[in-house]
């Protein structure tokens, strides 16, 4: 390919990138000045519960398809092959369960907040952009952060959702442009596929059950289900979009619509990785020193492919920043929602609607400024992509377990929930940090045991116990990151149930109607009535009725 020259943005690239920021701001201004003009918390935080299925589903997709995915998936495929493609198997249950289990409970309770988590996604695309193109790093961070803060504060959730729709279209356009042009330059998709096969990048079905293997069918297809449940089932940003739907049926349909979109997005990321491999083969830009991390390879590839096509690099960068904007705007609005509904309103019940709305806007703006400060902190954390994925795996799993404990096990009490959550978080961070430290540590070997009188030899039993513990801890540290959510959520449920039974299970009369999903009513139908009453598995709804199947009936959908 010859020497690679330094690549920079052209004027058309800057224009296209600027148009993305301007369009996003205009959408926020439009919804700030139209309709109810964001004068109530219901409109600002939940879009007045007026959204239809299509924009909600595209917004769900955009929130998931962050800059982490746009940069990370092609690099993953280029480096390790298409095994990651099997993650698509997890989308079936990962979206069906939220549609028919979590959404009905959240929607019929008319909730506003579920909980919140967000990650550092503002700094990652700016870092890659700066490293490859010379684009001013903090200029990009400030531009993206301030624009996102502006349209989120002005237009509320409705502006966030509609900018997500616009940004999703930009993301699809940018990825398609890269794949089409890159495949054409490589000699067509047939040539791309041939080089991928010859380079051992087309992975076969790996049924290895070892959970320490990074990617197998089981880690991706089963462990990925728990990751998807944590994202689409109980994540505040997604729950808030479900609750903005006009009806429960529209909310459920949004999960069905996002399923094929997710498969398309996954395919696009994988195809881009294969096209990258067809261009560079084993001689990667990382090995040549053109980029410093895997995070920067995709953008380098884009600039290399589009070097003679002004405007197209700007389109992909707009695509990249669209992924970041959609995730960040979701974070701002969700954080404002949780703070208002869970931390302020319970202690200020007499606050007027006007003051609550003004405070919500102020919170969204303040969180935007905090995010900029966090981006500065992220500049000292190394690989931001790895940090973001690790944080989500460690925090999302315990929170999924907490929701499952409360919704599926009626006898779980508050003490069990708190202890279970703490146990899950401790396990999560122990394994996550232990994995990181064990990879960084210099391997050492234990000195041989010398038979002498200076030190007594340990017994065979002690040696066996210590060997077993070390083996177990090593296996936990080597656990595939895709099992983090499953392991941590299971820890929360098991510890929470044990503590609840030891401290006195929740009584049936103390249950809040509609907060329990009828899983145990079906699984434990064979138990006598007295035992089911002890386990609080009789009537989670306001009134008891005579027939057992009706006891577990959920109120009908709002049409």
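Using the three backbone atoms N, Cα and C, a Cβ is placed for every residue, glycine included.
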The annotated transmembrane segment range in TrEMBL, which must be one of 384-409, 488-513: 384-409
In contact by Cβ distance (the transmembrane segment (14-33), the transmembrane segment (215-234); 3 or more pairs under 8 Å): no
Candidates 14-33, 85-107, 141-161, 255-278; stretch with most C-beta pairs under 8 Å toward the transmembrane segment (168-186): 255-278
Leading stretch by Cβ pairs under 8 Å, where the reference is the transmembrane segment (85-107) and the options are 14-33, 141-161, 255-278: 255-278
Tertiary contacts of the transmembrane segment (14-33) (same chain, 6+ residues out, Cβ under 8 Å): 143-144, 147-148, 150-156, 158-159, 162-163, 166-167, 170, 311, 314-315, 317-318, 321-322, 325
